[in-house]
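Visitor: The structure is given below, and queries will be raised subsequently.
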Amino acid sequence: MHGLLLAAGLLSLPLHVLAHPQPSTSTSLAGRAGAVDLNEFRIAHRSSYTSHDEMKKLPSIASFRQGTYLEVATELVKQTIPNMEFRLVDDHYVGDSGIGHVRFRQTMHGIDIDNSDFNVNVGKDGKVLSHGNSFYTGPAPSSNPMVKRDFIDPMQALHGVRKALNLPIKADGAHVEDMSEHKVMFKGTSGALSDPTAKLCYMAKEDGSLALTWRVETDIGDNWLLSYMDAKESSKVHNVVDYVAHATFQVYKWGLADPTEGKREILTNPWNLKTSPLTWLSDGQNNFTATRGNNAIAQYNPDGGNDYENNYRPSPKNLKFEYPYSPDMNPPKTYIDASVTELFYTSNVCHDLYYMLGFNEKAGNFQVNNRGQGGKGNDFVILNAQDGSGTNNANFATPPDGQPGRMRAYIWTRANPPRDASFEAGTIIHEYTHGLSNRLCGGPANSRCLNAIESGGMGEGWGDFYATAVRLKPNDTRKTNYVKGGWVNNSPKGVRMYPYSTDMNVNPLVYTSNNKLNEVHAIGTVWCTMLYEVLWNLIDKHGKNDGPVPIFENGVPNDGKYLAMKIVMDGMAIQPCNPNFVQARDAILDADMNLTKGANKCEIWKGFAKRGLGVGAKFDPKNRTGSTQVPNECK
C-alpha cells in the first residue's frame, strides 16, 4: 500500500498538502466545506530509538556479529523482543555511507500492525549502529479475525470514511475486486484520481490497545489519504495519514532563491551525468524534446486535474528551452513556457544534488528507469506548473517507492501582478525535500513515518533547511539571516514566525517553544532553526563550498555546508518511524559517528544545545524539557 506522505508546503496548508501560506493552527482537508481537522487523527508518537552511544552499553547486542547485515538485523529483533511475529519489509539497502538499513513490520495472525515498525542500522563493520522500535507489546487478540470474519466489509469502510471526512467520492454502484488476501480495490467510484483501495490491518492505539481496521486509501488530488476505519464500527476513524505535504535552459541558476537575487541565464546541458546519466530528457527508452525525462515530467495544469500526460508542456526546436519572463508580466499564462522550464530545471537539480548526497535508487529516489541500481522505478516526479487547484501554496505528494511523486506549484496572489511559485527555488526545493524525507524516514516502502505532530514538523523543517543551505552566498556568515517565502508572499517577513538566524534576539525559538505549538510548519521552524545553528558550526570548522556540488574526500564532503546536508540526510534514514526531536538529534549524531567517526560531535551538540536540545532534553508531547548542556568532553 502507499506509504505516501503528504509533504507539507511552505506554510501550513489545508490538510497535509504541505505548502506555503500563512501559518495556521489546524490542518484540514483542502478545499472542503466544513473540513475535518486532520490533526485530530494524527498517529501518536510511539517510537523508541537506541543510539550508538546507548548500544555501546549493551555489549552482548552491540557486538553481535554473524552473517549478512540482514541476518544481523533479524537476530537483533529476535533478541530484543522475543516471541514477536514480524516480517521483513522489502526495501532494505546499504546506503552510500555504508550503513545497512533494514526494516521490519510487526504482524498478528498474519495481519500487519500498520504503525508497528522496527528499523535496524548496521554499520560498515557488520555491527549494529543503532535501532528504532515501535512494536506493539500489549495483549494480543485471542483469535484470528479471518476465521470468523466478524468485521465490516470494505465497502462499508469506504462509505464510512467518505462520510466521516466529507470526501467528494461517490461509490453508488461501485464494486469490490480482490487484490490479495487482505486488500481490495473499489471499481466504479467517482471523485478520486485513482481507484480507492482498502487493506485489512491492525493499528496500535495510543491507549495501549489494538484495533482491527480497514486502511482506506483515497487520492482526491490535494489530499492523498490513508484513513484507518474501525473494522467493527463503520463510523469510527482511528487515524488519517496524508501523503501530500504539497539542451539549453533559460532559468534562474541554482543558488538563486527567487528573482530578486539575480538574473536568468542560458545554461547548456545543465545535468550531471554521474547522477543523471540518461540526461534530463531521456528515460533510456525514449528521447524527449519537451520537459520530460527520467527524473521528472513538467507541464501546465490550469484546471488542477490529473491528466498530466496530455497537458501542455514546452517542446522547442533544437532543445532550446529559452522563453521570456519578467515578474512584471501578466497574466501568468503568458509566460507558462518559462514557468514549466524553471520548475523542471530546479527539480532536476534537486534530484542530482540529493543523489550525490545519498538519495539514490536504493534509497528510493524518483526515477522512471533505475538502470539496475536497485529500488523501484516508474516513479519520476509529476510537476504541475500554475496548478489550478489552489493559490498561495505548493505541495508534494509522496507515495512509496515505485509510484510517482507529485508536486503542484500554484500562483500566489499576494502581489500585483501575481507571482508564480515555480520561480521561487526555495519553494520548489522545500517541496522536493518532502519527497526526500518521506522516502528515507521509514524506508522507501513506507511513506507514513512523518505523521506525528513533531515528526511532521521536522518534515517541514528539513524542507526549509535544504532550501536555506542551497541559497547561502559566498559572503554569508553566521550573522546572516534568511526568511522563507518572502518573494512569493510579497512580504519581507516571509511565511515563518521568525527568520532563520543564529541570533537569539532575531529568532528566540528553543525546544520548549514546541510546548505552545500545535501546527507542523511552526514546529518545523523550530527544527530548522536548530539545524541552522549546526550548519554554521560546521561551516566555521570546515569552511564553505560555494559551488553547486559537494567535493568528497573518502566519501565525506570536505566543507561544512555539504557535510551538514549529508549527515542530516543520513540521519533521516537512521531514525525510527515518526521520530521526535530528541531521536532525530541522536540520529544525526550517529550519522556523523558513522561518516567521520564522530569528528563533529561537539559542533553538533553545541548547535542543538544552544536551542534547548542538549543533554537532558526530554520529549513529552505536552511538556517537553529543554536543556542547554553538552557532553563533558564538549565543554
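Quick reminder: no glycine exception, Cβ is built from N, Cα and C everywhere.
According to Swiss-Prot, the record shows the following:
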ACT_SITE  Glu431  active site
BINDING   His430, His434  Zn(2+) binding site
CARBOHYD  Asn287  N-linked glycosylation site
CARBOHYD  Asn475  N-linked glycosylation site
CARBOHYD  Asn594  N-linked glycosylation site
CARBOHYD  Asn623  N-linked glycosylation site
SIGNAL    1-19  signal peptide
Visitor: Out of the recorded positions His434, Asn475, Asn594, give me the one sitting nearest to Asn287 (N-linked glycosylation site) by CA distance.
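Guide: Result for Asn287 (N-linked glycosylation site): the nearest of the recorded positions is His434.
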Visitor: Rounded to a whole number, how many Å is the Cα of Asn594 (N-linked glycosylation site) away from the Cα of His434 (Zn(2+) binding site)?
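Guide: For Asn594 (N-linked glycosylation site) versus His434 (Zn(2+) binding site), the Cα atoms are 24 Å apart.
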Visitor: Since the record lists Asn594, Asn623 as glycosylation sites, which of them has the fewest other Cβ atoms within 10 Å of its Cβ?
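Guide: Comparing Cβ neighbour counts within 10 Å for the glycosylation sites Asn594, Asn623 gives Asn623.
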Visitor: If you count Cβ atoms within 10 Å of each one, which of the glycosylation sites Asn287, Asn475 comes out on top?
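Guide: By the 10 Å Cβ neighbour count, Asn287 comes out on top.
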Visitor: Name the secondary structure element type, per DSSP in three states, that contains Glu431 (active site).
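Guide: For Glu431 (active site) - judged by DSSP and reduced to three states - the answer is helix.
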Visitor: Determine, to the nearest whole angstrom, how far the Cα atom of Asn475 (N-linked glycosylation site) is from the Cα atom of His430 (Zn(2+) binding site).
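Guide: Roughly 23 Å, rounded to the nearest whole number.
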Visitor: Between the Cα atoms of His434 (Zn(2+) binding site) and Asn623 (N-linked glycosylation site), what distance do you get, rounded to the nearest Å?
Guide: 28
